[in-house]
Amino acid sequence: MPLGERGGWERTESRYCGVETDFSNDVTHLLNFNISTGGFDYVLAPLVDPSYRPSLVEGNGVDTQVLPVCGSDLVLSPSQWSSHVVGKISSWIDLDSEDEVLRMDSETTLKQEIAWATHLSLQACLLPTPKGKSCANYARCVNQILQGLTTLQLWLRVPLVKSEGDSMDDTSEGLNDSWELWNSFRLLCEHDSKLSVALDVLSTLPSETSLGRWMGESVRAAILSTDAFLTNARGYPCLSKRHQKLIAGFFDHAAQVVICGKPVHNLQKPLDSSSEGTEKNPLRIYLDYVAYLFQKMESLSEQERIELGYRDFLQAPLQPLMDNLEAQTYETFERDSVKYIQYQRAVEKALVDRVPDEKASELTTVLMVVGAGRGPLVRASLQAAEETDRKLKVYAVEKNPNAVVTLHNLVKMEGWEDVVTIISCDMRFWNAPEQADILVSELLGSFGDNELSPECLDGAQRFLKPDGISIPSSYTSFIQPITASKLYNDVKAHKDLAHFETAYVVKLHSVAKLAPSQSVFTFTHPNFSTKVNNQRYKKLQFSLPSDAGSALVHGFAGYFDSVLYKDVHLGIEPTTATPNMFSWFPIFFPLRKPVEVHPDTPLEVHFWRCCGSSKVWYEWSVSSPTPSPMHNTNGRSYWVGL
């Protein structure tokens with residue numbers, strides 16, 4: 001059964017724990033002992049007798065030899081094979097061996113075992129760790145196999161830290177880091193989404209930053225050795241704080257745990273007292289501890305539960321000028337009370353600065369909400385006036401005729417007819433009867449300016465008095481390089497250029513943030529310069545931490561931070577993000593070809609904001625350590641319409 005219930009999680013979000021076993025001719029007993037008695041969810045078991053070698057069979061001169069598998073497909077039901085067995089490909093295979101017989105035997109065996117696993121309808125098979133300095137032939141053969149697979153997933157076994165006796169660690173610099181081994185193999189297999197990684201977790205762990213890289217990779221399982229466990233005061237197995245944090249991170253990223261190795265904590269009685277004569281699984285105590293770790297993880301918050309379905313799901317950004325928003329979209333944004341509390345605070349400060357206390361009963365402040373939607377900013381502004389005891393006259397300007405209907409009903413229902421004037425018009429083309437003291441808008445996108453706030457406010461600021469206040473007063477975009485294997489494969493699945501040249505709004509989850517974010521473009525309002533130019537260009541350099549090891553950059557995460565007024569800010573940039581706000585997910589700019597980056601070589605990236613007569617678009621490229629093609633030239637794939 002699954003590891004247990006966790007607060008706020010759906011049943012489909014449960015995690016599972018398997019156990020690695022030796023080869024057995026009696027698969028039924030293997031499942032009974034490890035699943036029915038042991039409590040594990042599945043076995044990671046060899047499918048073929050490890051003594052089998054095709055060349056030895058051929059040498060006997062027998063034409064039709066039966067593959068010495070662990071059991072007929074009939075000994076288990078199809079659902080049992082699929083749900084409770086992960087195939088373990090023979091660990092002796094070495095497709096890059098200089099011994100030609102061994103190499104040929106390895107290739108034949110690999111293909112035979114994968115074919116048998118496919119026949120059994122297994123969900124996954126574990127590939128053994130590459131043994132030499134090169135894995136080119138191994139990867140070539142696996143890539144051939146991947147082309148013919150439909151549902152079977154292949155997990156490549158990779159150690160988190162290589163042991164001293166590991167045959168990989170010859171003098172090859174590229175293999176000093178086990179991530180390099182995985183990256184080399186994955187590149188040779190063309191980033192196939194059916195190829196994932198299973199990490200061997202031993203007693204020694206690399207640095208935190210080195211571990212962090214794996215959170216952006218397609219890790220399907222953590223194979224946890226019994227040697228990694230410590231012993232607590234009562235003699236039971238436990239893990240170090242770092243190991244606990246790592247396993248919790250894998251759980252949070254939907255990876256499974258597999259227990260492997262011999263029991264090193266001899267606490268079990270040979271027979272299960274609850275079932276007389278039944279041998280108890282000696283690895284059960286490790287399963288119990290893993291289940292304990294899962295169940296003690298913090299419950300998901302209400303916001304996290306809502307966002308679960310959006311994790312790593314690519315969405316097209318809004319086109320607010322070209323398209324009118326639907327009621328459901330308005331409803332989602334309006335539920336974000338934190339955002340409107342910040343806007344109310346900003347308006348309160350602006351009103352107090354605009355009108356001194358002694359004139360509060362005399363002066364009426366003219367406030368214009370441009371892009372009023374269904375009225376949340378109108379409400380926040382009127383509440384600010386009430387809190388500060390200031391008189392207010394509001395113009396609510398909205399181009400969406402459907403939202404205007406809701407606005408009229410809101411004004412009538414709240415009795416605001418004498419205070420609020422509704423203007424059904426595009427703010428860029430409206431002629432205001434008077435100038436405003438305060439101009440309020442919520443036109444920001446995930447990247448700040450990506451929903452054309454600069455262009456809209458440039459057109460609207462003619463309403464503003466020379467000493468008027470714009471809320472927001474400024475906003476800045478930020479980017480940071482990320483490893484995002486899932487996002488890259490989702491874009492790649494479209495098999496065209498356009499999707500690699502499109503920016504996506506996405507709730508980032510299975511990503512590794514490789515360096516701190518840096519600012520890109522800043523816009524300030526009001527902007528009374530005689531020649532307004534909203535085109536921008538920025539060159540940035542990012543460096544990986546020295547202890548991180550190399551990493552693969554699949555693209556860039558984008559954020560924004562805005563100053564609403566003075567010290568009131570709003571944003572999603574990770575280090576300054578407004579807590580508990582959900583109106584914006586980050587934006588993702590993919591790279592057509594991922595770039596491998598090393599700690600001693602900076603990543604140099606270029607970003608452009610380009611403006612035409614009818615659209616605005618971004619272009620981006622990498623110039624170091626290896627140049628990438630220019631992305632989205634002339635806005636050929638992705639643009640925002642004016």
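Keep in mind that glycine also has a Cβ here, set from the backbone N, Cα and C atoms.
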Per Swiss-Prot, member of Phe313, Phe333, Phe582, Phe585 binding protein alongside Glu442, Glu451: Phe333
Swiss-Prot S-adenosyl-L-methionine site partner of Tyr330, Lys339, Tyr340, Asp426, Met427, selected from Glu298, Glu302, Glu387, Glu398: Glu398
The domain 'SAM-dependent MTase PRMT-type' (314-620) [mean pLDDT, rounded to integer]: 95
Glu451 (protein binding site) in three-state DSSP notation: coil
Tertiary neighbours of Glu442 (protein binding site) (same chain, Cβ under 8 Å, six or more apart): Lys339, Tyr343, Gly371, Gly373, Leu377
Position of peak Cβ density within 10 Å, selected from the binding-site residues Glu398, Asp426, Glu451: Glu398
Neighbour tally for Tyr340 (S-adenosyl-L-methionine binding site), based on other Cβ positions within 10 Å of its Cβ: 20
Tyr330 (S-adenosyl-L-methionine binding site) CB neighbourhood, other CB atoms within 10 A: 18
Long-range Cβ environment of Phe333 (protein binding site), under 8 Å and at least 6 residues apart: Lys339, Gly373, Pro376, Ser583
Length of the line joining the Cα atoms of Tyr330 (S-adenosyl-L-methionine binding site) and Glu451 (protein binding site), in Å: 16
Residues flanking the protein site, with Cβ no more than 8 Å from the Cβ centroid of Phe333, Glu442, Glu451 and excluding those residues themselves: Leu318, Pro320, Gly371, Gly373, Leu443, Leu444, Gly445, Ser583
